[in-house]
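Remarks on the structure that follows.
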Amino acid sequence: MLSNTGFEAAPLLERSDSVEESNERRLGWKKVLFLDVGEARNQILFSLPMILTNVFFYMITLVSVMFAGHLGELELAGATLANSWAMVTGFAFMIGLSGALETLCGQGFGAQMYRMLGIYLQASCIISIIFCISVSVIWFYTEPILLLLQQDAQISMTAALYMKYLIPGLFAYGIMQNILRFLQTQSVVIPPVVFSLVPLCIHIGIAYALVHYTALGYKGAPLAASISLWISALMLAIYVIRAKKFEHTWGGFSLESFHYILHDLKLALPSAAMPRVLGLRDSGVPSRSDAKLGNKCLIDRDMCKHRSCGLHVNLWSQCSCEVC
């Protein structure tokens, strides 16, 4: 038998918690789980309408490309190239410029400075219009730019014609994106779905009529997109002006918005630069550091200068794939 050393034996296991503490812990975990599920549900309900809105707006330009493609292979190639060029140089830029409103309107709404939301919206629209004018100049001279990038001459001419009739839609798209940010910061996400779906349905009829039943033909496809984008922008603007829920955040047009242009621009330019850089990277633009090995460009053989998707291949060097 072991002798008694005078020390009390330490218990191998700590004393278990009481029944109340155990039940309280389980209820606490259930509360946390319930909050997480509720938060996830709110995120889904908030993001799903935004996804649908963006998809419907993207479909407007895509439907125009589809109608143009029915006219022939040259028209399809030109419309596809023009749509890609418009997305990278114009539409993505407008989305980025409107990103400043997510910060400014979010802060104003959280601080209960509701009147400032309308001021920020007007300032951002002014900035978008100014940059739309600059981008329109680039779009107007699309043909020489594409030829400089060694695109096919006929496709470049067809794409340039498409771009010229899409210029009015760029202004509508810039204004529309600002209004969407204005609404999203106030958790208004369902009406934009309606104001994007209705113009899309109207656009199908407009595009079909202009392409097949007027003398415009190919030019009717981008013109229909411009008309439909303006319809959507006007619907959103009328909704903001007339709806009673915005009586505190929209106080009407004011010259005070000009005082906040520089303040808005400091956030808008970095926000606009991000989608442009990411868009160029995703579209296969090689950088100077990784594009060259000697005098050859490291690109995939599916991206060559004979394809419209290889628009940026010749930025740094000649295509060296087996096809070329």
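Backbone N, Cα and C atoms are what each Cβ position is placed from, and that goes for glycine too.
Bear in mind that TrEMBL entries carry predicted annotations, made automatically and left uncurated.
Given the structure is predicted, the values throughout are model-derived calculations rather than measurements.
Among the features that TrEMBL reports, transmembrane segment is placed at 51-72 (among others).
The transmembrane segment annotation in TrEMBL covers 84-105 (among others).
Annotation comment: TrEMBL describes 117-141 (among others) as transmembrane segment. Long-range Cβ contacts of the transmembrane segment (117-141) within its own chain (Cβ-Cβ under 8 Å, at least 6 residues beyond either end) map to 86, 89-90, 93-94, 97-98, 100-101, 104-105, 108-109, 163-164, 166-167, 170-171, 174-175, 177-179, 181-182, 185-186, 246, 249-254, 256-258, 260-261, 263-265, 268, 272.
For 153-176 (among others), the entry in TrEMBL reads transmembrane segment. Note on the transmembrane segment (153-176): residues 57, 61, 68, 74-75, 77-79, 81-83, 85-86, 90-91, 94, 97-98, 125, 128-129, 131-132, 135-136, 139-140, 142-143, 146-147, 218-219, 221-223, 225-230, 232-233, 236-237, 308 of its chain, located 6 or more positions outside it, place their CB under 8 angstroms from a CB of the stretch.
For 188-211 (among others), the entry in TrEMBL reads transmembrane segment. Same-chain residues lying 6+ beyond the ends of the transmembrane segment (188-211) with a Cβ under 8 Å from its Cβ atoms: 46, 49-50, 52-53, 56-57, 59-60, 63-64, 67-68, 70-71, 180, 217-218, 220-221, 223-225, 227-229, 231-232, 235-236, 239, 245.
Here TrEMBL flags 223-241 (among others) as transmembrane segment.
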Ask   = Hey, which bits of the same chain come close to the transmembrane segment (223-241), Cβ under 8 Å, at least six residues off its ends?
value = 57, 60-61, 63-64, 67, 165-169, 172-173, 175-176, 179-180, 182-183, 191-192, 195-196, 198-200, 202-203, 206-207, 210-211, 216, 250
